[in-house]
Amino acid sequence: MRSLAAVVGTLLSAGGVLGASTTRARGLLDLHANNGTVPGGFIVELSSSSTKRAADTHADFLSELDKRAAGKFTTRKKYDSPLFNGIAIRLHTPEDLISLASIPNVVAVRPIQIFQVPKTVDRRIVTSTSDADIPVGQSVHYMTGVDKLHAQGIAGKGVKVAVVDSGVDYMHPSLGGGFGPGFKVAGGYDLVGDEYTGFDNLEPDDDPRDTCIGHGTHVAGIVGMDPGNAYNVSGVAYDATILAYRVLSCWGLGSDDVYVDALLRAHADGADIITVSLGDGNGWASTSVAVVASRIAEQGRVVTISAGNDGTSGSMFFASPATGENVISVASVQNLRQHNAALRTSVEHAPIPYAVASFAGHQGMPLSVDETPIPLTAISTDPDAGDSACEPLNVDLQQQVVIVRSATKCDSDTQVSNLVDANANIILFYDQDPAYRAAYGLVVQLPVRADADFLISELAKGTPIRVTFPQDNSGVDVPDDNGGLVSPFSSYGPSNEVLFKPSVAAPGGNILSTWLIDDGSWAVDSGTSMSTPYTAGAAALILQMKGKNAAKNVRSILQTTADSIPASKDKGALPQTLAQAGAGLINVFNALNAHTEVSPAELLLNDTAHWKGSHKITIKNTGKAKQSYTISHVPAMTVISLASSKINFLADPDIKQVSAPARVKLSQSSMTLSAGQSAMFTATISAPAGVDPKLLPVVSGSIVIDGSQGDALRVSYMGIAGSLRDAQTISTSNDMLVPESGGLPAVIPVGRNESGAQRGSRNYTLTTLPRFAFTMAQGSRHVKLDLLDAAADVHSTIPDPLDSAPQTKRGFTWSSWLPESASHKSLNAAGAAAIATLGPLAEWRDLPRGGAFQRGSNFIYMEFPSQFANGTKVPFGQYKLLLRALRITGNPSKAADWDVYVSQQVGILDG
């Protein structure tokens, strides 16, 4: 038996913990109202015994729980896999968690989290084939060498790939047109049904067809859609067999007790590869799904999981379960080509591609206007004019489309403002930054300069031109200026444990694949949801050629043979930080044709407080002839995580990468190996000079091994050139609320006439209780909320967000603030000199940090508790809240490793 503090994943407050990830809210369901978890829901892992069957340990546990909480719990699932023995249950009352955690043979208790279908970046249905030289669907194979393998007939034959997602529309002709033995989608299971909300309405059945979401159908097509379709696209492993496990309902919702079930089913059903394009920015490797996925990979199956689409949130905001130690976590790279909507003109010319540049639209989708032809006009007939519309215009542009060059003498917003003031209906920009977004107006960009030159020249000749914006989703493929670079949306690692995340990158931006046949059949989508099944398909090609016993080595094979990804298209650009790119873009042809092996594939440096700089690397010549090797160091860009004097991670557009290479000493720079021979050398890596460790720089790079027979392999490293333990964990930024409202943490009165955080002391009744809100600057293994008597002489150890000056006075006695695992003393009786708390209100394990948009990402917002965690009512009186968070790598028994915040005084009165 383990203590409550050792096993409890989350202790829900009686008042209800709200909004840990409000970005999950979608449709009609308010997910954040329950902290993104099933209320009272827990996955209980039980110890396995060689003398007891899993069914017996289940029975013993349930019998004991029934003695302690008879009639007050529901069993949701039972797991009896050799990889995971446990039960998912739902407690009806919070205080029963104490009984649950103290039952014999309980290894861990983790909350049941609710997941939502990933919000991909730029989805659009396509309805016509492209006339580009390189179709958008096949260009990805040129990027990764898959085209060469397809030409040799290597397409994943004999390999089973499990897709854990929203199901698969197996009736799609390119996905086999049927379900069951003999079909491409040969098996699987629907674990949720159409109406599952994550809480209830679970209706599993044997049919995993995707008829309402589409995400899993797109994923399955990337893995294995058949060639020979009208779009001339094919899956990476189109000869592989697909198993479909539906874990998302038509609400787009699922829960991780269901995901665990799906992973274990896929493993039991003999899947060689499991691909999961689901997750959230938890950052920890200890969630239930991450733990089970990692165990499956450790047992010799390939597991690929998406890194997440939170690149705007900066470093260390990585998706779980991609945090799993042994899984392949996958970042996204932009396709070399992208699908754009196309306008048509009244003069003879091919359809002209364009991209919507206003926040109201999406790239690739048509501008939402009538298909009525509209006259085109130009502000200047000089195609290179640099000052067009930089000044107010004395012309009425009503009911006209205006073509204009992005100015060099003023900013684009000024141009748009002047054009809108002149009543311009639609604005066509050219020579514009693709990332530009207009705040208002109907604005589009012409990515091909030759198209703009043609239109300008025709207008200069006096040719009248009318343009039409078809609404049928037809379009053309054009080169992507950022093709081959890491997608900006791709999440940054490392994990909170400083594991090497992501593992690799694959094409994920602008990917054409199958879609629901009742909703167009084909779609272009972007996200790590797309790069992950691509990598699963790549793994299938490797297993076909190397055998299924190679599964444990697939991650290292892909990492060591990956291609470096530059940070930009500038000549001489350093590689993109490996915290976003992983080891690089997978090159499957190289993976199967290298004559050299290097190990390990990753060097984990940790942070400077736990720095591991010396690593031994082995080179093995697997070829048939002698090879000579040169060994060198190639640093990548360094990510500066924090701004000076700030505690929150830098987010887009302020994410900063600098050239600050680690210092690397190699024991030798060359060696020669006979066929079959191995040799070892040492790489000693030191943190870079000239960077402030308080800003938590993420340093990365590669040790590159070049062979005389053309092999180019790499061993990648990553670490943090600063101490995570020294970084403030509870966020006290003043940008969490609107400026005049103050920052967080805060007690927040609610009501029509209320605005901002409470300042000073204030009284409430049970019907007017305020809210308490906070978020994390860093992830924390353990966060606790307790109630203090208002007279307790306890002080915050972090700056008060309502005060420009930090509070530096600490509490006189720390013993009462330590977690139970560090002290045998009760919180209510910590000793004669101790300052006692009145009792625990709520508790969280493995809490993630806040994201780019703090009010909507991992943001805790809860009613001021009127009950303690054990269900006892809080009596009327004067109180303060005590919030404590353990710093990353912190020792729970050391007072200095905990951030402490004490709230404003709150009175709870009768009335």
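Our numbering is plain: 1 for the first residue shown, then up by one each step along the chain.
In case you wondered, yes, glycine gets a Cβ from its N, Cα and C as well.
Feature annotations, courtesy of TrEMBL:
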- 1-19: signal peptide (SIGNAL)
- 156-570: domain 'Peptidase S8/S53' (DOMAIN)
- Asp165: active site, charge relay system (ACT_SITE)
- His215: active site, charge relay system (ACT_SITE)
- Ser529: active site, charge relay system (ACT_SITE)
- 605-718: domain 'C5a peptidase/Subtilisin-like protease SBT2-like Fn3-like' (DOMAIN)
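Here the features listed in TrEMBL are painted onto the structure.
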residue	record	Cβ neighbours (10 Å)
Asp165	active site, charge relay system	31
His215	active site, charge relay system	26
Ser529	active site, charge relay system	31
Task = Report, in whole Å, the straight Cα-to-Cα distance of His215 (active site, charge relay system) from Ser529 (active site, charge relay system).
result = 8
Query = What Cα-Cα separation, expressed in whole Å, is found between His215 (active site, charge relay system) and Asp165 (active site, charge relay system)?
reply = 7
Request  = Give the residue counts of the domain 'C5a peptidase/Subtilisin-like protease SBT2-like Fn3-like' (605-718) per reduced DSSP state, in the order helix, strand, coil.
outcome  = 6 helix, 62 strand, 46 coil
Query = Between 0 and 100, where does the mean pLDDT of the domain 'Peptidase S8/S53' (156-570) sit?
reply = 93
Request  = Return one of helix, strand or coil for Ser529 (active site, charge relay system), based on DSSP.
outcome  = helix
